[in-house]
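Everything below concerns the one structure shown next.
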Amino acid sequence: MAEKVSFEEGKLQVPDKPVIPYIEGDGVGQDIWKNAQIVFDKAIAKVYGGHKQVIWREVLAGKKAYNETGNWLPNETLEIIKTHLLAIKGPLETPVGGGIRSLNVALRQELDLFACVRPVRYFKGVPSPLKHPEKTAITIFRENTEDIYAGIEWNAGTAEVQKVINFLQDDMQVKKIRFPKSSSIGIKPISIEGSQRLIRAAIEYALANNLTKVTLVHKGNIQKFTEGGFRKWGYELAKREYAAELASGQLVVDDIIADNFLQQILLKPERFDVVALTNLNGDYASDALAAQVGGIGISPGANINYQTGHAIFEATHGTAPDIAGQDLANPSSVLLSGCMLFDYIGWSKVSDLIMKAVEKAIANGQVTIDFAKELGVEALTTRQFSEVLLTYL
């Protein structure tokens with residue numbers, strides 16, 4: 001019988017036939033999702049022989065939702081994901097004009113999905129600008145709900161920004177606004193709770209996956225109390241809650257300035273296992289690391305609240321409207337995000353099967369047009385690529 005996934009006493013309770021919502025996505029979402037779903041279902045059937053099955057339930061967001069309901073992110077969609085805990089999604093178009101700045105950010109903030117998790121690894125055969133891309137194997141934990149992504153800012157020349165500037169200058173005695181008459185102002189909230197729950201999740205992930213080092217990435221040399229606070233609170237958490245693991249050497253927690261980190265992931269990526277970052281730094285680092293191993297077209301991602309069990313797994317690339325509906329898009333990002341979903345619900349054999357199929361296809365030069373051009377091989381369509389994966393399952 002189809003049932004919802006539940007979360008009890010800090011653990012997911014997964015029935016044999018869980019109902020999992022999906023958002024097809026805009027642009028190439030129509031191409032990648034339908035092909036990925038076929039691969040998911042075949043892998044589940046191969047592993048469990050019909051004893052387990054995902055019941056996929058479509059929910060609306062993005063352009064499809066707007067066309068059908070007049071709302072880019074319907075309340076019904078949020079409620080369904082809240083009650084079902086999990087979802088997987090394709091890329092979403094950002095609405096033009098006022099209102100929601102980003103549907104992806106809105107989903108993360110509405111559901112308090114505080115950890116953006118991106119495992120970055122190299123697949124043999126993927127074109128990369130690096131001589132040794134195989135040395136890059138880093139899992140990113142990016143804080144998802146704070147920092148400048150809170151969207152607290154005021155436009156230059158408005159009465160609102162003038163109130164803020166007057167308060168800063170008159171009440172707080174701030175002297176460092178260089179051009180107060182023409183400045184926009186933004187606020188960067190970073191909290192103890194927000195920082196520590198993210199860093200705790202990163203440490204727990206490292207310990208669960210036999211990884212030793214968790215590195216705190218920050219700009220505390222410039223922003224002493226926000227970025228510096230992230231670093232400080234991370235060390236305090238580690239010493240308070242993981243003293244035994246630190247003492248035994250099972251866990252090492254260190255830190256690095258963000259700009260140096262962006263150098264070191266090119267020069268010595270092997271020195272990092274798991275990295276925890278504030279929101280903006282995490283945004284930069286996620287895409288920079290993805291470029292080292294083939295780009296965001298093959299990068300999976302998940303947005304997770306480890307305290308409630310809620311999680312959305314997603315294709316990390318954009319909508320690519322120039323190739324939408326043409327059966328050209330690489331479905332690997334949503335496929336590998338599906339692998340993260342299956343790992344999350346404890347169906348790791350399904351994840352392993354799909355991962356090995358993707359590895360084999362790429363190693364054999366059976367790739368979509370994004371990689372085929374650089375490898376000098378004939379490009380497969382989205383459908384052909386998924387059919388190749390089916391033969392490898």
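Residue positions begin at 1 at the first shown residue.
Cβ atoms here come from the backbone N, Cα and C positions, even for glycine.
DSSP assigns ASN104 (D-threo-isocitrate binding site) to a helical segment in the three-state reduction. The 10 Å shell around the Cβ of ASN104 (D-threo-isocitrate binding site) contains 22 further Cβ atoms across the protein chains shown. The feature D-threo-isocitrate binding site is assigned by Swiss-Prot to SER102, ASN104, ARG108, ARG118, ARG142.
The number of other Cβ atoms within 10 Å of the Cβ belonging to ASP283 (Mg(2+) binding site), over all protein chains shown, comes to 16. Per Swiss-Prot, Mg(2+) binding site is recorded for ASP283.
Around TYR149 (site 'Critical for catalysis'), the C-beta neighbours below 8 angstroms that are at least 6 residues distant in the chain are VAL105, ASN279, LEU280. Look at TYR149 (site 'Critical for catalysis'): DSSP puts it in a helix. The site 'Critical for catalysis' annotation in Swiss-Prot covers TYR149 (among others) and is backed by similarity to another entry.
Under the DSSP three-state reduction, LYS219 (site 'Critical for catalysis') is assigned to coil, being neither helix nor strand. The annotation site 'Critical for catalysis' is assigned in Swiss-Prot to LYS219 (among others).
ASP283 (Mg(2+) binding site) has ARG142 nearby among the recorded positions SER102, ASN104, ARG108, ARG118, ARG142, LYS219, counting only those with a Cα within 10 angstroms of its own Cα. With SER102, ASN104, ARG108, ARG118, ARG142 listed as the residues that bind D-threo-isocitrate, the site has a largest C-alpha separation of 19 Å. According to DSSP, ASP283 (Mg(2+) binding site) is assigned to a helical segment. In this structure, the recorded positions ARG108, ARG118, ARG142, LYS219 were compared by how many other Cβ atoms lie within 10 Å of their Cβ, and the smallest count belongs to LYS219.
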